[in-house]
């Protein structure tokens with residue numbers, strides 16, 4: 001019995017009481033959230049989101065790379081979102097290593113050096129600003145007047161906005 | 001008052017009743033979920049996940065590109081996850097366009113052709129298998145014996161496994 005099997009049992013229960021089968025494809029609230037994949041950060045609980053409300057995009061760090069720009073372009077151009085909420089968080093794993101060190105350890109084990117940036121960062125707030133700047137610099141994301149960035153505190157549950165420095 | 005402002009009011013309420021400040025960084029269940037960003041797909045409700053349980057990675061389509069391989073490598077190598085759950089879903093926006101058409105429409109508007117693949121697909125189950133194969137082919141993700149793919153039905157709430165063809 002794997003953990004996946006246990007989670008599938010939860011999914012069966014979810015389906016049994018499911019009553020949200022008529023929701024439209026475009027997000028009701030017109031928002032895309034881009035957050036770190038961290039297990040302690042639950043965008044649904046934190047922002048009060050429910051099924052149908054918002055696009056949720058997540059990766060290691062909540063950083064903006066080509067794939068997030070692709071997702072945001074699709075979200076805005078095809079599905080009508082106009083606001084973007086970026087969320088990094090305290091005690092992030094991305095603060096605990098460097099790109100060079102991580103890639104060197106992988107190369108030592110596999111003989112291959114990753115051909116991607118690991119996107120590690122040393123300053124949470126500065127990386128939120130970096131993410132905002134990457135979105136502002138992207139030519140394919142049309143709506144950029146409502147892009148805001150935040151740091152979530154995993155100890156207190158508080159969300160704090162990162163303002164331009 | 002933007003939608004973001006409304007969601008921030010929810011975040012203040014979340015912090016007021018927050019009691020999960022002692023969770024460790026590594027996911028308790030040792031699982032990484034990779035799902036589509038679709039607003040109707042709520043991995044927490046569906047899989048019965050709560051704060052601290054699992055990494056959640058999401059993008060347009062729930063596809064596997066370089067950034068998801070980066071996130072999965074970090075999830076497994078630095079934070080101890082060993083199982084991967086892939087989730088696509090019915091009525092996906094990615095079924096409604098082609099890469100060529102989407103990129104041509106962007107080029108017509110901006111004068112620039114995106115330098116990324118839009119990752120549109122025509123067959124849900126086949127794209128789940130494509131995602132599994134991309135993970136299996138990656139040299140930097142160490143644990144590949146518990147990678148399983150599913151299609152979530154947005155009308156019924158049911159999750160169905162995609163088996164190898």
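Glycine is no exception: its Cβ is also placed from the backbone N, Cα and C atoms.
According to TrEMBL, the protein has these features:
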type    : residues               : note
BINDING : B:36, B:38, B:89, B:92 : Zn(2+) binding site
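Here the features listed in TrEMBL are painted onto the structure.
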{"residue": "B:36", "record": "Zn(2+) binding site", "Cβ neighbours (10 Å)": "26"}
{"residue": "B:38", "record": "Zn(2+) binding site", "Cβ neighbours (10 Å)": "29"}
{"residue": "B:89", "record": "Zn(2+) binding site", "Cβ neighbours (10 Å)": "22"}
{"residue": "B:92", "record": "Zn(2+) binding site", "Cβ neighbours (10 Å)": "23"}
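A distance below 8 A between C-beta atoms marks B:38 as the binding-site residues from B:36, B:38, B:89 lying next to chain A.
Summary of the Zn(2+) site environment: with the site residues B:36, B:38, B:89, B:92 set aside, the chain residues having Cβ atoms within 8 Å of the Cβ mean position are B:35, B:37, B:40, B:41, B:61, B:62, B:87, B:88, B:90, B:91, B:93, B:94, B:152, B:154.
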